[in-house]
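Asks: I have a structure here, written as structure tokens, and I will follow up with some questions on it.
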Amino acid sequence: MNIEQFQSMLEEKGIPLSSRQLEQFEIYFETLVEWNEKMNLTAITEKEEVYLKHFFDSITAAFYYDFSKPFSICDVGAGAGFPSIPLKICFPHLKVTIVDSLQKRINFLNHLAQKLELSDVAFCHDRAETFGKKEGVREAYDIVMARAVARLSVLSELCLPLVKVGGTFIAMKGAAANEEIENGKYALEVLGGDLKEMSTFQLPFEESERNILLIEKKRKTPKKYPRKPGTPNKLPIEK
């Protein structure tokens, strides 16, 4: 996906980009590749691939959810900033918090935010299991997002405790989404979530399947969740 295709495909979806926003994506790409030489941020470094599989793929969430309001968003395990930083570039009014367990990635994100001149962004070095217990952030976000972090039964325990009641958990998934939903239904129920919508589409050019799950937070998450670091992965909430 070259820059012209990136721009025109987003415009078709009602997301026009200014020259400044296109410049921000260019700076993002250059910074990602530069830092990737000294630390492992991504296996994808070829320009057209980064624009398709990182930038465009992240923004697809906005094809199925309206980001036009100044929502507070928490991105769990964003790594090099996906999906929330591409969304923040497209929708500058969003208030973004990223939680990541690796300090090196947080250092990269702080540097990136300066280079991109982003405001209303916060980067927290923490495990999602610990972060989700903290006063002030627990059940505080309009939207919590994650892209390819863990299977749904595990991911729900990391994300739903952070979503305010009435808010939305957006899980960005690949081709195994149906199976993950089947295995993750019980976790959603326990944690106060309800799957409202699943949208399936093909990522352009490479035609790989993507699924975007919109999960509404209906009830407060029981206090015992999330459990201590590592437990959700070892012992997922499954029947």
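Each Cβ is built from the backbone N, Cα and C atoms, and glycine gets one as well.
Bear in mind that the values here come from a model prediction, so they are computed numbers and not experimental data.
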Asks: So Swiss-Prot lists Gly77, Phe82, Ala128, Glu129 for S-adenosyl-L-methionine; which of Arg138, Arg147 goes with them?
Replies: Arg147
Asks: Going along the chain, which residues six or more apart from Phe82 (S-adenosyl-L-methionine binding site) have their CB under 8 A from its CB?
Replies: His54, Asp57, Ser58, Arg147
Asks: Give the three-state DSSP assignment (helix, strand or coil) for Ala128 (S-adenosyl-L-methionine binding site).
Replies: helix
Asks: Other than its own, how many Cβ atoms are within 10 Å of the Cβ belonging to Ala128 (S-adenosyl-L-methionine binding site)?
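Replies: Other Cβ atoms within 10 Å of Ala128 (S-adenosyl-L-methionine binding site): 26.
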Asks: Could you find out if DSSP has Phe82 (S-adenosyl-L-methionine binding site) as helix, strand or coil?
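Replies: The three-state answer is coil.
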